[in-house]
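To start, the structure under review is shown below, and the notes come after it.
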């Protein structure tokens with residue numbers, strides 16, 4: 001497996017719709033305003049967070065059960081920023097829609113700007129032939145409220161291409177998150 005470069009990412013996005021919408025260079029500011037960077041980097045793609053959030057609350061739940069998750073455990077927020085309570089978390093989604101090639105595995109790493117503030121981004125790998133908006137999980141590990149910015153960079157996708165295509169892809173096995181749009185809650 002080898003990591004793919006900006007040139008490969010650009011070609012796959014433009015010719016095969018791997019990332020939509022696609023920003024072909026790294027954006028660090030818009031006019032006089034600084035933003036947390038997004039777009040193509042040397043060996044990855046920095047994704048943006050959309051303005052749809054689900055902020056965790058423990059008002060209605062006593063137990064968090066991934067096999068029987070209660071949607072009332074979240075408060076929906078639509079805003080340019082999301083405030084995550086101390087020691088809590090929020091779900092969001094990427095602005096970008098991904099179509100992963102059959103011979104590629106994509107790994108997501110949180111941006112250091114957030115990590116250095118105690119905000120951790122978690123995403124499981126994007127498997128071969130998976131497609132959809134990526135659901136992002138933000139953990140606020142601090143004892144203070146934490147702010148997430150919509151439409152700015154939050155994580156970096158790294159594309160690893162295998163020397164051969166897999167026998168069975170995510171699409172082949174009809175994975176439960178295939179084609180997801182918007183913020184997607186746990187499915188057991």
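Each Cβ is built from the backbone N, Cα and C atoms, and glycine gets one as well.
Straight from Swiss-Prot, the features:
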ACT_SITE  137  active site, proton donor/acceptor
BINDING   111, 112, 113, 114, 115, 116, 135, 136, 137, 156, 170, 180  dCTP binding site
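Each of the binding-site residues 113, 135 was ranked by the number of other C-beta atoms within 10 Å, and first place falls to 135. Secondary structure from DSSP puts residue 113 (dCTP binding site) in a helix. Spacing of residue 137 (active site, proton donor/acceptor) relative to residue 115 (dCTP binding site) is 13 Å (Cα to Cα, whole number). A coil conformation is recorded for residue 170 (dCTP binding site) in the three-state DSSP classification, outside any helix or strand.
In this structure, the recorded positions under consideration are 111, 137, and the one with the smallest number of other Cβ atoms within 10 Å of its Cβ is 137.
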